[in-house]
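Following: one structure in structure tokens, then a few remarks.
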Amino acid sequence: MTSAAESLVHIDHFRMDFAGTTVIGDLSFDVQRGETFGFLGSNGSGKTTTLRALLGIYIPTAGILHIDGRPFTPESGIRLGYLPEERGLYKKESVLAVMTYFGQLKGLSKKAAVAWSTNYLERVGLGDKAKVRVDKLSGGQQQKVQLGVTIMNDPELLILDEPTKGFDPVNRRLLMDIIEDQKKAGATVLMVTHQMEEVERLCDRVILLKGGRAEAYGTIPEVQNQYGGTMIRVGYSGEIPASGHYEISLRDRNYAELTLIGTVDEALILRDLVDAGVLIRSFTTSKLSLEEIFVSVYGDQNEMAGA
Amino acid sequence: MGQHNLRTVIGFEVGRTLGKKKFWVITLLVPIAIGIVVGLVTLGNTSSMSNIDAQSDAKLTFTYSDASGYVDPAVAAALGGTPVTDDASAIADVKAGEEDAHFVYPADPATTPTQVYGIDKGLFGNGEYEGVATQVLITSAQDQIGDPALTTMAQGDVSVTSTTYTGGEEAAGFMGVIPPLIFLAMFFLTFTLLSNQMLTSTLEEKENRVTEMILTTLNPTALISGKIISVFIVGFVQVLVFLVPVAVGYLFFRTSLNLPEVDLASFTFDPGQMIVGALLALGGFALFTGTAVAIGAVMPNAKDAGGWFTALIILMIVPLYSVSLVLSDPHSAVVQVFTYFPYSAPITAMLRNAFGSLAGWEAAIVITELFLLSAVVLQLAVRLFRYGSIEYTNRVSFKTVFAGRTARSLARG
């Protein structure tokens, strides 16, 4: 775990109760400067609550939630871009008016805000919608506008709560490109998402939240190792013997998946199988995907459809 | 940055309100309605004047019967009248179009109406008959009195000027009451026009789900303050729009509208009363605006907020229903309660201030109370907005809003 001084986001023993119900039990993690951090968890696991408490919107029951060494306020001085889960803009105003307003509130001059907004709208294919009222746009178009509002102050810290929710694959790719650009420009990104391919593409480290506590925390390889680490896929003839080095997680007539227990050299497994008289046709090793880990962690929960 | 954000909020809020067609349609409805009324009145008065002019060179011919004996046949003849004794026959002539009109003067014209029968000349043209019938009586009476001054007095067309004294000094009287009442009128008008805008100003962030974006971008105090100032600016624009036709009507159509000439010199402006009136209006406006904003922050939508806001308005105007008590017995228990209860205080105190029954120390207490409570309510509104407006679909409880203070302190400790 990094020290609080190195971290842009520092959460220590955070606890949140609502009406006597504990939503977050005891959560601690850090987000380092310049990294992209995936904040993962099933619906209702407390991700949005944590972000709102971090941003001072909720008052924590206990714990420390710091951004850049202190509790966040709009006057903290840090350039923050926050895309909340609850999307919303001033619906009766034009796209350009809303973007300019937020740009000015984020410290841009009116001229700079208009110029930035115009360029952004062109980039996301909404160049002809600048004068259109927000409520005349489709849901996806409104989300693009909102993402623009989020990143228009060249944020040091970008907090994105399900940024691609509701997007088609083409626009999802476009938005991920935009987020990646922010990352390359030096922004620290804290991202909530259920899209594991986005996490694997962008995130340096992740945390898996379950029952208000950190179920797993670290780099993606570290988390993969924590959840069984390596999987061996074997095409074979014969009989695969039982072993203390692996579990047979799937076995068909000529195909098996072996999940390694602990740190074991794959070559040793191969030699054991050959020594046991198994005719090996193929032998590949791979890590568990984040999606597989996610399903294994939350698969026993019935809260996936919950809030 | 704080000032920059405040200016940005004000610019955005004022700009988008004044930029909406709906705002101008609603705002211009009032002066247009005033203009239509002015036009109709002007038209009516012009028509009446035309009737009077027409009477001067009356082409009208009429018959009349006189049971009173007051009608001077010479006067009637000069105005085109011919005496008859058979009313039925004369009315038949009018019906047949052979005579313009027939007047039946009763035995006592002072208590019994004179009956006029005439050929229909339309809504405004028919006024000529009544004008001539009345003129015959008035001129006949003036001739019998024989003195124009007596005639004027008999018509009650006299004026009286009163001078009263209080504490050995000449009292301002009615002309001293009107200037401080202007603040009451401004307070009431502004609140009536802007109440809906006050209420919905924070509801909009909630209903549009903009709250989280806002709370992480600027201090809610700047937002709320900016919105209150914007409401005031928009209200000022509306009042100006309303006053323009009034000013134009007075300056250019005063004569045709029969408006009295206002001589500012005749009003008495007591500096103390004026300052107290202004402070009461300002404090009252701040208190009601802050409360409206707080209600908007607590309630999930305009419909739910409406009920609470109605209660607020009732509290504000309830002294107007007891105005006679406020004026006649300002020290009664009821009026004292109205004077010091914050939400009925502005109107009660402004009324008492205008009519001179609000002592200096009472004014000081009420003004202090209004400004202090406004500051508290504003802080409450900010807190409710900060921690309540995130409850997009629920009504936030005060317990929820205030429960976290200790936890926050611990977290930061």
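Along the chain as shown, residues are numbered 1 onward.
Using N, Cα and C of the backbone, Cβ positions are placed for all residues, glycine too.
Heads up, TrEMBL stuff is auto-annotated, nobody curated it.
What TrEMBL lists as domain 'ABC-2 type transporter transmembrane' is B:21-382.
Per TrEMBL, the feature transmembrane segment maps to B:23-43 (among others).
If you look up TrEMBL, you'll see B:171-194 (among others) marked as transmembrane segment.
According to TrEMBL, the feature transmembrane segment maps to B:228-253 (among others).
The transmembrane segment annotation in TrEMBL covers B:274-299 (among others).
According to TrEMBL, the transmembrane segment annotation covers B:305-326 (among others).
According to TrEMBL, the feature transmembrane segment maps to B:363-385 (among others). If one looks beyond the transmembrane segment (B:363-385) by at least 6 residues along the same chain, the residues whose Cβ comes under 8 Å of a Cβ in the stretch are 202, 205, 211, 220-221, 223-225, 228, 276, 279-280, 283-284, 286-287, 290-291, 293-294, 297-298, 339-340, 342, 345-346, 349, 353, 396, 401-402.
Under 8 Å from some Cβ of the transmembrane segment (B:274-299) lie the Cβ atoms of residues 179-184, 186-187, 190-191, 195, 198-203, 206, 224, 227-228, 231-232, 305, 308-309, 312, 316, 342-343, 345-347, 349-350, 353-354, 358, 363, 366-367, 370-371, 373-374, 377-378, 380-381, 384-385, 388-389, 395-396, all in the same chain and six or more residues away from its ends. Under 8 Å from some Cβ of the transmembrane segment (B:305-326) lie the Cβ atoms of residues 188, 191, 195, 199, 203, 288, 291-292, 295-296, 298-299, 332, 334-335, 338, 341, 343-344, 346-348, 351-352, all in the same chain and six or more residues away from its ends.
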